[in-house]
Amino acid sequence: MLQIFLIIHDTIVLIFSFFLTASRVMDIRDESSVYPAELSSVLDPPACSTIIDALDSDSVLLGCVTIENGELVSLRAPKDSSTMKNCERGIGQSVHKFTFTRIFGHETSQAEFFEGTMKEVVNSFSDGQNGLVFTYGVTNAGKTFTIQGTPKDGGILPRSLDVIFSHMKGRQYRRMNLKPYLSNDIMKLEAAQVKQEESMKASLLSSLKEDGMKSVPSSSNLKQSMSTSCESISNDGSVCGSLECEDGDAVQFSAWVAFFEIYNEYVYDLLDQFPSSKNQKRPALKICDDQSGNSYVKDLKWINIASTEEACKILQFGNKNRSLASTRMNQQSSRSHSIFTVRLLKLTADDDPRVLTVSEMSLCDLAGSERCNKTQTVGDRLKEAGNINNSLLILGKCIGALKQSQNPKKASYVPFRESKLTRLFQPFFCGKGKACMIVNINQCASTYDETLHVMKFSAVAKQVVQSIQPRNFEFMGPRMVGKDGKVITEIDPNISVEELLSDDEDEELDVTMNPEDLLKKIEEVREKLLAERQSKLVLELQIRKEMGEAMYQQMVDLDETWSKRFEDLKETHEEQLESRLEMYKKAIKNHAYRQAMDELEENYVPLDEFQAEQEKVEEKEQRIQELEIALGLRNPSGEEETSQGALEALTKRCQDKEKVIATLKAQVQGIKEEASLTAMKLNEENQFLKQHLKIKEQEVKGLQSLAERAIQLEASVTELQAEVDQSRKLLSSVEVCEPKPKKGLFSNIRNTMGGTPKRMASKTQEKPEEVSATSRKRPLLSRK
């Protein structure tokens, strides 16, 4: 079960402790700040009143939290809280009770708290087990104070470091050629790399010393007070003496520390020099996974430490680069999750030591959850609060999913990768280390609702059962890698089997076997290993062959699938093109129809106008017919019995006249036929009627000219008739028996008859082109 400890801070004590933390940080950041001369004294009235006013002193109500016993605590909602208002409306309850592993009141000292919480974790860490300790609570609840404490009275972090170095006393590996690498491996450094590590450490400590020398004289007590704190812890025999050192002198230890923060979901190394210019940005680090799936921070600086004093200095240097800001609830509020990690390398006591185990202990100071309407955060502070609350929300989701996954029927996905914080915590929650949660609360009524939420979250976390994964027989310790990151496969023949096995495996070995039996056992194991390797190689070849065949078949299937899809796509495109072509044809047809209709509307002639024009044409045709009838009634038809020659001449002349009339009738008939054809086309070509009316008028004029010509012909016929009558009179006066030569008269008649047709023919030939042209233009007249 996940261990959860609850520590309750009294409001005034909480403000005092955070005032000290803020002063310590201000001493590092601001050269003009002055550290309090007497840290154990109470706050001066002006300072205390200033901070209480910032927190709204009317909202302080002692008695919201009641400790029933060492494991049970009850919370009673104040009258102005949202919980009480909901309770008055019948929603929820006003009193809540929660159970913890152990509860500490505000009167608990740092030493008592460390003894009750961190003793077991540090002991397991010294024995090679990984550990995680993180503080959880609302803003201004005392989390940073719990982790780091004050220079006079250190928190769990400096006390843990002092206990670790007390455990390492006399067995410390002084060289820096073995450095942590990735999550659980060790990198063997060369001489140049070792010098680089030493210079980096010296530069870091010297920069901190220079900053301390530039400060005011009163701040020089900081180093002494921190070292005094560490010495006071080392003198506490109850703590250090409780750790049993079972390793003896056969092993030695090397301690490395790293300090980083998660700010706005970016990982920053706090041991890097902070950029002097505002335009420069801190380089963000990446979180990666090794071959075993363990998360680690890439390119993180690891510093080798030889004493608690050096560790405290490194902690002080990292605090100088932490992201802090002032809010309404806290003068120096942590705006990021800071993680201080210690890795302990357990080595063999040889000149060229081998790493037996690598254990890691991380102490995480989580930023507090907050409500923006209470902290009055805007701009960057508001963005920071959003990222803090989001990462804590994902942490709650992960713990809730872990609790639910304990029931196999309700197993659910744990969203470790949704946040950088939970991704780093994943190995500890999955059984690769021991996790410990410290819940910090205060008794301020203004933050009761947030405190209740923290308590409910801790109640869920307490139900998570941790199962530490045991190391199996195949576990042979961390890997050793070179400067290029490749594993060093050389094995020292002097290494015994006992040193390669873990403590749990040592208990299971048969130590009664003599060396000869051990050698035989080793040979048997070696033969089995070779046989197993050969079988695995054959199996690998078979698997590769099967995978190749499967891949080839997959490629063939994929090719067929894509070919089929290509054909289907081709048919689809052809159908789309055909449908689009039909659509275009239909659109063109509709466009042509609309254009024709538009032209028809533009050239449309009303029916009344067409009928009026047709009546005019009929009238003109009627007139032409009357003229033709008149001409036909006056044709000569008589024969002169008195003079056969004159009769023949007159008959011939009449026939000629009739031919002329027939020709005229034929022309009129052609005009009528053309007019009938034109009348049939009028229904289709009515848009040209207005233009054709002009042509009709010209034809009427032509007909009038023909009528005039007919009148002229009629006059000629009248003249001929008169001549015929005159000839008859002359014939009647001549005696039949004695015919007299009348050459002059008959010659005149003959000349007259011969000249008239010629004149008529010539006159007739003058008009055929005009008549035919007129008839071709508009044959509108018809003969009835």
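Please read every residue number as a count from 1 along the shown chain.
Each Cβ is built from the backbone N, Cα and C atoms, and glycine gets one as well.
Sequence annotations record features per position, and here TrEMBL assigns ATP binding site to Gly137, Val138, Thr139, Asn140, Ala141, Gly142, Lys143, Thr144. According to TrEMBL, the coiled coil annotation covers 607-730. The region 'Disordered' annotation in TrEMBL covers 745-784. If you look up TrEMBL, you'll see 775-784 marked as compositional bias 'Basic residues'.
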What is the pLDDT of the coiled coil (607-730) when averaged and given as a whole number?
76
Test of understanding: give the count of other CB atoms lying within 10 angstroms of the CB of Ala141 (ATP binding site).
29
Using DSSP reduced to three states, classify Val138 (ATP binding site) as helix, strand or coil.
strand
Cβ neighbour count (within 10 Å, all chains shown) around Gly142 (ATP binding site):
26
For each of Thr139, Thr144, count the other CB atoms within 10 A of its CB; which of these binding-site residues has the top count?
Thr144
Find, for the listed binding-site residues Gly137, Val138, the residue with the lowest Cβ contact count at a 10 Å cut-off, counting only other Cβ atoms.
Val138
For the binding-site residues Asn140, Lys143, the one whose C-beta sees the most other C-beta atoms within 10 angstroms:
Asn140
